Structures are given as structure tokens and as C-alpha cells.
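Undergrad: Have a look at this one before I ask anything.
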């Protein structure tokens, strides 16, 4: 687990962009192990 990961199931990195933007203010991240990891 990491501080910039979201407990959100994903199948593609683009599915993480909007949740990452809502959570951290940057629409940038990737799908790792079916979870979203956001870059901040």
C-alpha cells in the first residue's frame, strides 16, 4: 500500500486519471495490480 494509491479497482491506467484528479489534483496515474496508483 502507498500514500498515493486509491482503493479502486481498475483495468486500464486511463480509468485512474479522473479519480486521481479528484483525490490529488493531478489527473496522472497508472493501474497497478488492479488498483490505481496516482502520481503527485
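The backbone N, Cα and C atoms fix where each Cβ goes, and this holds for glycine too.
Swiss-Prot lists 2-5, 10-31, 16-36, 20-38 with the feature disulfide bond. Sequence annotations record features per position, and here Swiss-Prot assigns site 'Basic residue of the functional dyad' to 30. Annotation comment: Swiss-Prot describes 39 as site 'Aromatic residue of the functional dyad', evidence class similarity to another entry.
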Undergrad: Restricting to the same chain and to sequence separations of six or more, state which residues have a Cβ under 8 Å from that of residue 5 (disulfide bond).
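TA: Within the chain, residue 5 (disulfide bond) has Cβ neighbours under 8 Å at 32, 35, 36, 37, 38.
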Undergrad: When you measure from the Cβ of residue 36 (disulfide bond), how many other Cβ atoms are you left with inside 10 Å?
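TA: Residue 36 (disulfide bond): 23 neighbouring Cβ atoms within 10 Å.
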Undergrad: Looking at the disulfide-bonded residues 10, 16, which one has the fewest other Cβ atoms within 10 Å of its own Cβ?
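TA: The disulfide-bonded residues 10, 16 were compared, and 10 has the fewest Cβ atoms within 10 Å.
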Undergrad: Among all the protein chains here, how many other CB atoms are within 10 A of the CB of residue 39 (site 'Aromatic residue of the functional dyad')?
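TA: Looking across every protein chain shown, the total is 12.
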Undergrad: If you count CB neighbours within 10 Å, which one among the disulfide-bonded residues 2, 38 has the smallest count?
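TA: 2, out of the disulfide-bonded residues 2, 38, has the fewest neighbouring Cβ atoms within 10 Å.
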Undergrad: Which of the recorded positions listed here (2, 10, 31, 39) have a Cα atom within 10 Å of the Cα of residue 20 (disulfide bond)?
TA: 39
Undergrad: What same-chain residues, at least 6 away in sequence, bring their CB to under 8 Å of the CB of residue 31 (disulfide bond)?
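TA: In sequence order, 10, 11, 12, 13, 15, 16, 37 meet the Cβ cut-off.
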Undergrad: Which whole-number value in Å describes the distance between the Cα atoms of residue 30 (site 'Basic residue of the functional dyad') and residue 39 (site 'Aromatic residue of the functional dyad')?
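TA: Distance between the two Cα atoms comes out at 8 Å.
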Undergrad: Return only the integer: C-alpha distance in Å from residue 2 (disulfide bond) to residue 39 (site 'Aromatic residue of the functional dyad').
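TA: If we compare the Cα positions of residue 2 (disulfide bond) and residue 39 (site 'Aromatic residue of the functional dyad'), the gap is 11 Å.
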Undergrad: Tell me the coarse DSSP state (helix, strand, coil) of residue 2 (disulfide bond).
TA: coil
Undergrad: Give me the count of other Cβ atoms within 10 A of the Cβ belonging to residue 20 (disulfide bond).
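TA: Other Cβ atoms found within 10 Å: 25.
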Undergrad: Near residue 30 (site 'Basic residue of the functional dyad'), how many other Cβ atoms are within 10 Å of its Cβ?
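TA: Other Cβ atoms found within 10 Å: 17.
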